[in-house]
Amino acid sequence: MATRAPDRLAAVPPDGPVRSRHRLRRHLVHQLDVKGSPYAYVAPFFLLFSAFGLFPLAYTAWVSLHEWTLLSDEHTFVGLDNFRALLADDYFWNATFNTLSIGVLSTAPQLLLAIWLAHLLNRPLRAQTFFRVTLLLPNVTSVVAVVVIFSQLFGRDFGVINWMLGWFGVDGVAWNEGVATSHVAISVMIMWRWTGYNALIFLAAMQAVPRELYEAATLDGASGATQLRKITIPMIRPTIIFVVITSTIGAMQVLAEPLLFGTYSISGGPDRQYQTLSLLIYENFTKLDFGYASAISWMMFVFIVLVAGVNYLLTRRAKGGLT
Amino acid sequence: MRKLRHRFLAPMVAVSALAVSLAACGGDGGGTAGSSASASQPGEKIKLTVALFSDFHYAPLYEAFKKTHPNVEIVERRSQFNDHHTNLITQLTTGAGAADVVAVEGGYIGAFTPVPDKFYNLKDYGLERRKSEYLDWKWQLGVSNDGSSLMGLGTDVGGLAMCYRPDLFKKAGLPADRDEVSALWPTWDAYIETGKKFVAAKVAGAKFTDGPGEHFRAMVEQAPVGFYDDQYKIVAGTNPEVRKAYDMSVKIVDEGLSAKLAAFTPPWNTGIAKGTFATMVCPAWKTGTIKDQKPGEGAWDIAAVPGGGGNQGGTHLMLPKQGKHPKEAAELIDLLTNKESQIMLFKEASALPSLPALYDDPAVADYVNPYFGNAPIGKIFTSAAKALKPQHVGPKAGDVLLAFNNGLQRVEQGKQNAEEAWTQALKDVGRIK
């Protein structure tokens, strides 16, 4: 548009006062068009972001400074009291520990598995598209269905997993009673859903790695594993950073899996053994203690920024460029 | 500086234009809502929304209502039990989205009776005249805390019984006939003694009961005072009845009677179907839950609950102030809760009537359920409801119960002893505002 407009301007005869005023107006309109239009085009996003992103963030901060319960129209300003209570609250630290534990248990093996899967699929393969599509299938399954099925698999009395463990003489494990066992069970659900998805992102990045590097490496006698370690991983490093950060954020926010694993137990098991931060927020919201729940939400936001930042630094430092 | 201002001018114009158009939309919506708030004209089309948390089997009653109110259209909205009540609170607070008629379950009604100004007073629509028909305590549950307003009309009550498996009882050498079974446990102590006999008989693959949670709830609700006193203050920690119920529930665990299954979980459902436990606390509506698991006709039978009488659950219908047609809505709930409707719903949905006159009505009193070995469920559940002493249900009774249930589960899973679990449960209760 900007490139066409000057032609039209030039076509206007440059004489007469009326013409000149007319020209001035057209010039202004044109200026507005050129300078202003791009903002108008991007405005919808920023408007929506302000309405559904910034405003809730700010409003949550405001609520977190109050004693705020529903059905009562009075909201007492309490300053940072909610945050003070939060930092002294065992349940909050318990939830933080659970979130980190489930996050590490699910994210770390998941990413390794995803890279390995992507590496396998990156080779010439029969029915390639079929396998790639299959990878994405777990991700389009409803999370409720996934958790309901897995909860059955991890059942204590009639679960398939305990039945199979029975073959090896292991007694029935009460998966959702213990801290470690419940974290493992929930992590498995998360991994099942997201490994394929991440593998596809890695695969896309791997396709952009020049073939010549592999050919040269093969000539030099490097094995598949060495090629993965020395060529593929350094070359797709930006993608790894991206996936690590998105997975971290996802893991920090995990809600549906523990909630449904405890069959709608908002405390994440009787001993809060798998209550994550999101679940703790949810619990306080359902108790209609909005000030406190908002304070937890803000702490969670801070945690996510911190953890994502640390992960970014670690992944950036861990692997040098292709040398 | 000037340049900067220019640069921002255009987007500002765009933004404010959008804002104006959005505001215009909002205004439009408000306008139509405002006009329909005026009294309905004869012949004007009216839409009533009814928000429920499961299938109440109201469809034929809506049809009956339309015969006398041809201009009314009824739309039913159903949501999940937990979400239903939280949604209602949110809708009342934000002032938008509530249905014309809402169902509120017994465990939650205490959250609404302190705020009568959010609901229409049914006295204004002449429904006070229904008072004499109702179980007194059921009627009182629908009255606001200050007594000024009639906020809801009761639909059903959850008369208590004990469901049991005759086959497992036979295997354990216990009587299997329902009258003899009822005679086994006049008290909870006797219930536990029976359980010990059951354990001693070593029936393969079966425990005596599902878990202590529902028993705890039943015992607390049988007491004259439960979690709240009559000033709606939480007294769970100091009320000896709560402690008694707790100790009795711990005993169920300690004696090895429990299958360690929390109610309404998938493994619990499987347990009902496969018979991995022999008894469960059974409000009238739970007979429907059992049927849904298809354990087979006659697999479960129904006996009296220990401790005599009791209630669990039961619902009220209320009219949020946001509704535009309170007159028609009040007429609708009058119809939904009248005698004929309650008899119909008892047969269709196992909803035990809240009108005591019906308990002597042969349609209810003589009703036997073939699925439960022709158990006279009419008689069993009505006598439980009659024997009940009413209790003040506090606003967060559900949360308090959850804290204790979690404690009992910690004991059951061997994570804490009874005393530690009690202390932590009270700590959790203390956090409830």
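Placement of Cβ uses the backbone N, Cα and C atoms for every residue, glycine included.
TrEMBL labels come from automatic prediction, so no person has curated them.
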In TrEMBL, which of A:174-192, A:193-211 is tagged transmembrane segment?
A:174-192
If we skip the immediate neighbours and take only residues 6+ beyond the ends of the transmembrane segment (A:133-154), which ones have a Cβ under 8 Å from one of its Cβ atoms?
117, 121, 160-162, 175-176, 185, 188-189, 192-197, 199-200, 256-257, 260-261, 263
Let me spell it out: take the transmembrane segment (A:100-121), skip the flanking residues so only those 6+ beyond its ends count, and list any with a Cβ under 8 Å from a Cβ in it.
128, 131-132, 135, 183-184, 186-188, 190-191, 194-196, 198-203, 206, 224, 228, 232-233, 240, 243-244, 247-248, 251-252, 254, 258, 274, 276, 307
Which residues of the chain, 6 or more past the ends of the transmembrane segment (A:39-62), have a CB below 8 A from one of its CBs?
294, 297-298, 301
